[in-house]
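Everything on this sheet refers to the single structure shown next.
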Amino acid sequence: MKKGINRVVLVGTGAVGCSYAYSMINQGVAEEFVLVDVNEAKAEGEAMDLSHAVPFSPSPTKVWSGSYADCKDADLVVITAGLPQKPGETRLDLVEKNTKIFKQIVRGIMDSGFDGIFLIATNPVDILTYVTWKESGLPKERVIGSGTTLDSARFRYMLGDYLDVDPRNVHAYIVGEHGDTELPVWSHATIGVQKLETILANNEQYKQEDLDKIFENVRDAAYHIIERKGATYYGIGMSLLRVTKAILNNENSVLTVSAYLEGQYGEKDAYVGVPAVINREGVREIVELELNEEEKAKFAHSVKVLKETMAPVL
């Protein structure tokens, strides 16, 4: 890594990758930004287009299309490459196809001498983050998945809309698989400093069945969006930007990334969406919430499904 210069390499210039790339340039997050894609002409075109936006950015960024060799001096490699989720297809349906793709990508990156942090977004993200960790040989702290950062953002937005509160003042987490078995941590949800359960108890207009419907809409959001426009990319692009800023700026921010469990939440040897403190070293620590019995059971089920799905492809 070059001292004093933040280099981020993006592998995959599809809709998700380009949404992330645009947000990176828009906010001037890194000094160097490299785009890599199997379709070299596409990566080159995107780099050209993005570079023309740099004069409008808050700080200058050198943008170019490159290769895995550019990962050698990278602080962060973000992977969005892979086959997208089709209408009616679950994230876990993608596991076999994208695992093969990922193993090749990670090997190519590591051959460059890369020694930074991986941030994974390709689905099924928890499984592919685990695959990246295994293939790379890097410490677990330096391999991170986008996890349930987007799910938690959707959750906060919808709760804020329901309660007529700025979603930035809604503190609520979605944990577990980024997918069908994820779960809301109702027991720790707060609006400002007030517990959501207290607000419910003191206001007749707010009902638990409405909250349950909100969670269903959060869990199924990708399906609804894919049915209408074919893919999701703006939300995940901003989620990746948020994690990137936490890493490069050494923020020690708590984000629900896919992190490796070693006994936390009663689970081991799995990458799962949980609150974690993120800084320049990657995952500084996992924040272990005290779940109620129902939440514990649902979390254990989510991890079990991930492990069962992952086993045949490792």
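Quick reminder: no glycine exception, Cβ is built from N, Cα and C everywhere.
These come from Swiss-Prot:
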BINDING   Val16, Asp37, Lys42, Tyr68, Gly82, Leu83, Ala121, Thr122, Asn123, Ser146  NAD(+) binding site
BINDING   Gln85, Arg91, Asn123, Pro124, Val125, Asp126, Asp151, Ser152, Ala153, Arg154, Thr232  substrate binding site
BINDING   Arg156, His171  beta-D-fructose 1,6-bisphosphate binding site
ACT_SITE  His178  active site, proton acceptor
MOD_RES   Tyr223  phosphotyrosine
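Features as recorded by Swiss-Prot, highlighted on the structure.
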residue	record	DSSP class
Val16	NAD(+) binding site	helix
Gly82	NAD(+) binding site	coil
Ala121	NAD(+) binding site	coil
Asp151	substrate binding site	helix
Arg156	beta-D-fructose 1,6-bisphosphate binding site	helix
His171	beta-D-fructose 1,6-bisphosphate binding site	strand
Tyr223	phosphotyrosine	helix
Thr232	substrate binding site	coil
### Task
List only the single closest residue to Thr232 (substrate binding site), chosen from the recorded positions Val16, Ala121, Arg156, His171, His178 by CA-CA distance.
Val16
### Summary
For the recorded positions listed (Lys42, His178), most other Cβ atoms within 10 Å of the Cβ sits at His178
### Query
Near Gln85 (substrate binding site), which of the recorded positions Asn123, Arg156, His171, His178, Tyr223 can be found within 10 Å, Cα to Cα?
Asn123, Tyr223
### Residue pair Arg156 (beta-D-fructose 1,6-bisphosphate binding site), Gly82 (NAD(+) binding site) - Cα distance, angstrom, rounded
28
### Query
What is the biggest Cα to Cα gap, in Å, among Val16, Asp37, Lys42, Tyr68, Gly82, Leu83, Ala121, Thr122, Asn123, Ser146, the residues listed as binding NAD(+)?
24
### Task
Would you pick out, from the binding-site residues Ala121, Ala153, the residue whose Cβ has the largest number of other Cβ atoms within 10 Å?
Ala121
### Query
Val16 (NAD(+) binding site) has how many other Cβ neighbours within 10 Å of its own Cβ?
28
### Query
What's the CA-CA gap between Lys42 (NAD(+) binding site) and Val125 (substrate binding site) in angstrom, rounded?
24
### Message
I want to verify one value. Collapsing DSSP to three states, which class is Lys42 (NAD(+) binding site)?
### Response
helix
